[in-house]
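Since the structure comes first, as structure tokens, the remarks are kept for the end.
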Amino acid sequence: MTIKVGINGFGRIGRMVFQALCDDGLLGNEIDVVAVVDMNTDARYFAYQMKYDSVHGKFKHSVSTTKSKPSVAKDDTLVVNGHRILCVKAQRNPADLPWGKLGVEYVIESTGLFTVKSAAEGHLRGGARKVVISAPASGGAKTFVMGVNHNNYNPREQHVVSNASCTTNCLAPLVHVLVKEGFGISTGLMTTVHSYTATQKTVDGVSVKDWRGGRAAALNIIPSTTGAAKAVGMVIPSTQGKLTGMAFRVPTADVSVVDLTFIATRDTSIKEIDAALKRASKTYMKNILGYTDEELVSADFISDSRSSIYDSKATLQNNLPNERRFFKIVSWYDNEWGYSHRVVDLVRHMAARDRAAKL
């Protein structure tokens, strides 16, 4: 039986999630995307947005449009690889979306608007069974990072969950390996050098709450905030309060990189850390954590579906005499593509656990 999914918000992440489903051969086989929701319902425009992408290139699948019924004025249905997806008008209150009528079980909440648990619960009142927020969430929604704490999902108690942020999905696997392999973290500082996103300005504009954030994204390196490091403490409790960080938004359209400087809880070496991360990337963190020892730059990671790709050539150790605990490690991530694949993975994981619990 296929998983019935609705995507609320067919913007950057919503479309990338949909494309990930298609590229992985899941659409119509394991997952049935019943509907996508956005401010307009013009399927022809949605089709155009999917066909052509300035970063990830042309859509690799067949896409056309049709009408859901003869009485509608414009095409309101996408047809992708022969599968029909209804385009639904966005609502101020998610409870007003017709999830129950459409048979949708799992909603991917990717508008960026309903990130508080109580607001996202509107989807449940609309007839959905579960909600995955594709952003950091507040108000008591449990946060999951695939490969790190996804097995803590409780089908009977957790109905609205968060897939964390793209940066947390890059950082948490690194920290998970460091903790699991016994290196530990006494304290650490993280910086993400992050590509600009849709919330930024193309030219200098008004940004009353974040003055620097109002400057032209493609012309500046912009210091910013991130909750990614602190969020790691939510998924790896032993690191609670030990990590904090900041961001630099930079003039690239996609791919970001995490720089983690930390003090281990025991003496170790670059060689030992490198070996542990390489081993993890081939075993228990495969397809989540990657490893590279090549001379790569950001463009080389565009459309990489892994959450975090550790750069072994960038690892540093403090050069003070007898210092064996102070290190810097670096990891790349496609902040769009890798993250979108983890959203899909989380939905699949939840559905499998829900079926096992006979929900």
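Including glycine, each Cβ sits where the backbone N, Cα and C put it.
Close to Cys166 (active site, nucleophile) in the fold, though at least 6 residues off in sequence, lie Ser256, Tyr333, Asn335, Glu336, Gly338, Tyr339, each with a CB less than 8 Å from its CB. Annotation comment: Swiss-Prot describes Cys166 as active site, nucleophile, evidence class sequence analysis.
DSSP assigns Asn335 (NAD(+) binding site) to coil, not to a helix or a strand. Here Swiss-Prot flags Arg12, Ile13, Asp38, Gln91, Asn335 as NAD(+) binding site.
For Ser165, Cys166, Thr167, Thr197, Thr226, Gly227, Arg249, the entry in Swiss-Prot reads D-glyceraldehyde 3-phosphate binding site, with the evidence type similarity to another entry. For Arg249 (D-glyceraldehyde 3-phosphate binding site), the number of other Cβ atoms no farther than 10 Å from its own Cβ, over all displayed protein chains, is 24.
The Cβ of His194 (site 'Activates thiol group during catalysis') lies under 8 Å from the Cβ of Thr167, Ser224, Thr226, Ala247, Phe248, Arg249, Val250, Ser256, Asn335, each of which sits 6+ residues away along the same chain. Taken from Swiss-Prot, the feature site 'Activates thiol group during catalysis' covers His194.
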### Message
Other residues near the D-glyceraldehyde 3-phosphate site, CB within 8 A of the CB centroid of Ser165, Cys166, Thr167, Thr197, Thr226, Gly227, Arg249?
### Response
Thr192, His194, Ala228, Ala247, Ser256, Asn335
#### Entry: Integer Cα-Cα distance in angstrom, Asp38 (NAD(+) binding site) to Ser165 (D-glyceraldehyde 3-phosphate binding site)
21
#### Entry: Pairwise CA distance, Ile13 (NAD(+) binding site) versus Thr197 (D-glyceraldehyde 3-phosphate binding site), rounded so that it is a whole Å
11
### Task
Using C-alpha atoms only, work out the spacing between Ser165 (D-glyceraldehyde 3-phosphate binding site) and Gln91 (NAD(+) binding site) and round it to an integer in Å.
24
### Query
For His194 (site 'Activates thiol group during catalysis'), what is the secondary structure state per DSSP, taken as helix, strand or coil?
strand
